[in-house]
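Engineer: The following feature annotations were taken from TrEMBL:
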- B:8-145: domain 'MPN' (DOMAIN)
- B:31-56: region 'Disordered' (REGION)
- B:89-110: region 'Disordered' (REGION)
Amino acid sequence: MRVTVDVKGEETHEIDLETVSAGSPNGGAGTGGSTPTYQELLAEIDLSPHEVSVLVDGRPVPEDQPVESDHVTVLRLIKGGSKPPIDRNR
Amino acid sequence: MTSSPPELVVPTAIRDRILERAREGQPEEICGIFGGEYDPAPDGRSRVRSQYPAENVAETPRTRYRIDPEAQLELFEELEDRGEEIVGFYHSHPRGPPRPSATDEAQATWPDRSYLIVSLEPLEVGSWRWRERGNEGRFERERLVLD
């Protein structure tokens, strides 16, 4: 399946799922030979779930789920705040 | 060093409206999106045409801000329907600092876009571009030009 990945405010990518390596250790639910996850799709365009949200039909989808849609929207997160971070893992 | 810093042109009425929102919203931080003409160049001049208020959905809104992705997408579509580009974002620091905090730096994700900050204590409005090189990023101060 060919997936159109629309990174809002930037470019649109066409990615062939066959070329995405599924089942990487950080890829969540994916296991070797299965459908790549949204996280693995993001890795193809050098993005991580820490900096973006993935939406399908206007709704966020869990990044560790297998890619089921041929069109996804990627949004860079808009967040921050006045106080220094306390928990650096968040 | 560049001889000419980037610029963000903001209509005075929009600056005033954001200041008003920041005051009304305190002690919590307020946030929103700028639409207009976007110029990513090192000495680029972006121009704000519209501001789109967003709800701050952070768990601790007195010291953090976050725009919900679904709301963000709706605002982007509204902005694009008006022929505008994503120029950048704004948020308030009710008790300062009048510059990006360590949290702002740790959580910035939009290269070359403007991040305008309204500090209420001290009262100051400034804008910065988020610049990324490799895995490193930093805020670069830009000139704020009132129109």
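FYI, residue positions are counted from 1 along the chain as it appears here.
Every residue gets a Cβ built from N, Cα and C, even glycine.
As the structure is a computational prediction, the values presented were derived from the model and not from experiment.
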Engineer: DSSP says what for the region 'Disordered' (B:89-110): how many helix, strand, coil residues?
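Structural biologist: With helix first, then strand, then coil, the region 'Disordered' (B:89-110) has 6 helix, 7 strand, 9 coil.
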Engineer: Do you know the mean pLDDT across the domain 'MPN' (B:8-145)?
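Structural biologist: Residues in the domain 'MPN' (B:8-145) carry a mean pLDDT of 97 in this prediction.
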Engineer: Counting by DSSP secondary structure, give me helix, strand and coil numbers for the region 'Disordered' (B:31-56).
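Structural biologist: Tallying H, G and I as helix, E and B as strand, the rest coil: 0 helix, 17 strand, 9 coil.
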